[in-house]
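These features come from TrEMBL:
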DOMAIN    79-159  domain 'Cadherin'
DOMAIN    160-268  domain 'Cadherin'
DOMAIN    269-383  domain 'Cadherin'
DOMAIN    384-488  domain 'Cadherin'
DOMAIN    488-598  domain 'Cadherin'
SIGNAL    1-19  signal peptide
TRANSMEM  615-636  transmembrane segment
Amino acid sequence: MRTYHCFWLLFWASQPHQSFLTPLSKRTSGFPGKEKVLVLSGNSRQDLHRSKRSWMWNQFFLLEEYTGTDYQYVGKLHSDQDKGDGSLKYILSGDGAGDLFIINENTGDIQATKRLDREEKPVYILRAQAINRRTGRPVEPESEFIIKIHDINDNEPMFTKDVYNASIPEMSDVGTFVVQVTATDADDPTYGNSAKVVYSILQGQPYFSVESETGIIKTALLNMDRENREQYQVVIQAKDMGGQMGGLSGTTTVNITLTDVNDNPPRFPQSTYQFRAPESTPLDSPIGRIKANDADVDENAEIEYSITEGDGYDMFGITTDKDTQEGIITVKKALDFESKNLYILKVEATNTHVDPRFLYLGPFKDSATVRIQVEDVDEPPMFSRPAYIMEVKEDVPLNSVIGTVTAQDPDAAKNPVKYSVDRHTDMDRVFNINSGNGSIFTSKPLDRETLLWHNITVIAAEINNPKQSSRVPVFIKVLDVNDNAPEFAMFYETFVCENAKAEQLIQTLSAVDKDDSYNGHQFSFSLAPEAASSSNFTLQDNRDNTAGIFTRKTRYNRHETSTYFLPVVISDNDYPIQSSTETVTIRVCACDHRGKMLSCNAEALIHPTGLSTGALIAILLCIIILLVTVVLFAALRRQRKKEPLIISKEDIRDNIVSYNDEGGGEEDTQAFDIGTLRNPEAIDDNKLRRDIVPETLFMPRRTATARDNTDVRDFINQRLKENDTDPTAPPYDSLATYAYEGNGSVAESLSSLESVTTDGDQDYDYLSDWGPRFKKLADMYGSMDSDKDS
């Protein structure tokens with residue numbers, strides 16, 4: 001006999017039977033009133049279909065946001081093997097088991113311990129099992145079931161942005177798309193109307209509207225003008241529950257800006273403008289500004305100004321200031337008060353970017369009248385021409401008028417004008433001008449060959465106001481006259497061979513003329529009358545401004561005549577005819593049989609054997625320089641320089657007097673006498689040193705006579721004191737060195753100077769005991785003793 005065991009729960013866990021996975025046949029807003037029981041059983045599929053139920057038994061529904069004080073009851077687990085004796089134990093595992101969901105292990109009751117939020121987790125999957133409490137072995141296979149959190153309307157719609165910004169062109173049609181707003185609801189969209197959002201406009205009517213289902217904002221009013229109002233703030237509400245009473249709602253703000261279109265033409269604030277301009281206003285200078293107002297902005301407000309008509313159409317121009325959109329009126333031609341002092345212009349302002357959609361509003365341009373009054377100013381004189389060109393012949397007499405310049409005061413006063421020449425342009429004062437009538441005349445002779453053009457500047461100034469002056473250039477061209485005779489193009493010096501034959505060409509001549517010839521120069525050549533018959537040469541005119549010199553005889557002798565001077569007359573064909581006589585030098589030279597020159601008598605013709613004039617001059621200059629050098633050297637030798645007081649570079653004292661005089665020994669009585677130190681009375685006041693030239697002679701000062709037994713030390717100290725107090729002494733320290741060793745020397749004095757005042761003989765044998773350093777002295781003085789003994 002087969003035994004069936006059944007574990008009842010609300011749904012089958014982990015059994016994929018079709019009958020338990022079908023959706024609910026009927027959905028209600030509440031739950032069944034009977035207890036939810038999940039039966040765990042091992043019966044066959046036919047047994048599972050015996051009882052009909054109105055919902056799916058594999059899931060529980062639990063209400064979210066439970067506000068009760070007790071645990072929320074979920075359902076009950078039950079096994080058909082549970083006899084009620086407590087032998088079975090129910091175990092729950094899965095999402096939130098033991099923490100969020102707890103089970104009574106004896107009864108199988110499931111409870112929720114915390115408040116659940118569907119938006120945080122909508123579904124919990126758990127597993128249920130019944131085990132034998134004594135053996136711990138499962139009596140039923142583990143079954144899986146679902147707890148779904150039932151949604152309530154606890155979330156209001158939320159917009160994706162807190163503030164929306166949008167813009168549309170002004171004057172847009174009704175229904176023009178502006179922007180779309182979007183709100184989301186966290187509630188379950190599959191259950192009821194908790195997540196069904198409906199849009200509405202709270203602020204912004206009647207200008208804008210919103211579609212309730214899509215959130216699209218559109219224009220609702222025709223011809224919204226930016227110039228009247230540019231910014232709009234619209235408040236949109238999103239409400240769930242399909243907008244029904246009790247639904248939750250959220251709001252957002254939409255800032256809408258109207259962008260500009262060119263729907264306003266430019267307009268001048270006044271119909272007539274007046275300006276004043278001095279007649280001396282420079283060209284392209286501004287004289288005034290006008291502006292047409294345009295309510296539009298940016299490129300829609302850009303204006304182009306133009307002068308359409310008026311009597312000053314060609315005298316003035318107008319341009320647009322791109323920064324200020326003003327029309328700048330400028331001067332195109334020079335103004336003249338005396339000619340016209342009032343101009344009337346018509347100026348037009350036009351938009352550069354016109355929108356064809358708004359042409360029905362009228363022409364996008366405007367016009368105004370501009371009156372320009374020309375003011376009179378004191379102007380400088382004006383010359384009749386911008387420049388003058390004059391011509392004058394170079395042989396014109398002095399003070400001849402060559403032309404006239406004319407200037408007058410353009411003002412109505414017609415002040416008189418005086419003329420002058422700017423001497424910076426005529427430094428040589430070749431020309432002068434009549435200050436009254438402006439006639440220019442010559443003041444110095446002209447020479448075309450020296451200067452062809454003279455460019456001077458004439459100044460015209462008002463007599464009453466010399467500061468008002470103007471200048472004009474005057475170009476004077478000097479015309480040529482035939483006042484220069486033709487001459488050789490170069491200096492001709494040629495030679496003829498001694499063995500030359502008759503009628504032999506030895507030189508071709510050409511000529512030049514400083515004068516200008518319009519038809520070209522034509523020169524004629526001929527021998528001077530005095531040489532035409534007696535000359536040894538003939539001249540042939542080639543009729544092409546050249547001539548040839550030919551020999552007249554067969555042989556020439558350089559010993560008889562070494563040089564021939566042939567006078568040639570050159571004439572031109574201009575009027576008056578000018579001619580000159582030029583000389584051709586012909587030397588007679590020895591030549592070989594081919595006519596090549598070998599030697600001539602003239603030293604300077606080719607490679608002279610002697611010295612040329614240049615070489616002689618160079619030699620003479622060298623000799624003069626050498627003599628001057630010798631004279632200077634001798635003069636310097638005669639000048640004896642005073643010996644400097646300080647010679648040694650190593651001595652750093654202010655002044656060191658060094659006498660490089662070794663003396664002549666005991667027999668020298670002209671240098672230094674040590675006896676003078678012993679006997680101061682023996683000083684010769686007039687005796688001067690002979691080794692240097694004294695610079696200044698001072699009168700000797702008399703000093704007190706020293707006693708006979710005065711020591712040399714006291715004598716030197718006395719002299720030092722006298723020099724320190726001497727006002728005639730030089731303003732620097734002086735060092736005098738005396739050959740005095742002082743008293744108390746063990747070796748006593750070794751100087752031979754004392755031999756003059758010593759009568760007794762001295763013994764110098766002790767020098768030999770002083771070592772090798774004194775050997776030389778011992779030999780010297782020892783030999784002296786031996787000489788005396790001998």
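Every residue gets a Cβ built from N, Cα and C, even glycine.
Because the structure is a prediction, the values reported are computed rather than measured.
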Secondary structure tally of the domain 'Cadherin' (160-268) (DSSP, helix then strand then coil): 3 helix, 47 strand, 59 coil
Model confidence over the domain 'Cadherin' (269-383), averaged pLDDT: 91
The domain 'Cadherin' (488-598): DSSP-derived helix, strand, coil residue counts: 4 helix, 53 strand, 54 coil
